[in-house]
């Protein structure tokens, strides 16, 4: 099916935001930010129901290009039913990272990989996922140089995978993708804050000094609470000539030696 502008396929054309997880139908699974997500799975046969499933399946994090992204550095904290603010999302710093390493939060979809329900001949991984009681195949392509990127980033930083996708898809992808144990922790949709129709990654809830956190993400809506901590990357779908991850490594080599990320990241945004 055709995609509206921006690649958003939840609530197509109606202008309504995505629903939070508690109101989603069971199909809501992946963080959809581009083309390929709306393809029908060959394991389903009823097209009208298929369309309904896939429209509810994806949570879109992309804003319309004409809609300015709101900035709110006073991020709301999630509060549990008993009124208690939950503990930090990350565990204590591991011994291997105790030598003053910065924390780098890395997105998954369209940053490191692109996934689709449409069969892909050269897929790096095929992940079976159950949706509404039916097994579907998710075809995953790795972004060029993702192996080199993760290996080196894991040496330089305390790396955390943070995705708005559900764990039953993202966890097996990370198992296959991260051969080096670069990710010290993995955070999924339930760790996001649902804010103005988007699943936002609230860095203040990680339990790390904000001046020592970096987020690498292709979606500005993901880091609207902390835009000054972001290293934006271009969305990737299938361009095998892409070199962005490789090109970023020298920058991160230098960044790994600083005590406060804000000055360097501001200079990086200005020069980009």
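Indices start at 1 and increase along the chain as displayed.
Backbone N, Cα and C atoms are what each Cβ position is placed from, and that goes for glycine too.
TrEMBL tags one of the stretches 29-48, 49-68 as region 'Disordered', and that stretch is 29-48.
Averaged over the domain 'FCP1 homology' (97-255), the predicted model has a pLDDT of 96. Around the Cβ of residue 201 (site 'Transition state stabilizer'), a 10 Å sphere holds 30 further Cβ atoms from the protein chains shown. In the shown protein chains, 25 other C-beta atoms lie within 10 A of the C-beta of residue 107 (active site, 4-aspartylphosphate intermediate). The two recorded residues residue 107 (active site, 4-aspartylphosphate intermediate) and residue 163 (site 'Transition state stabilizer') have their Cα atoms spaced 5 Å from each other. Counting every protein chain shown, the Cβ of residue 163 (site 'Transition state stabilizer') has 30 other Cβ atoms within 10 Å.
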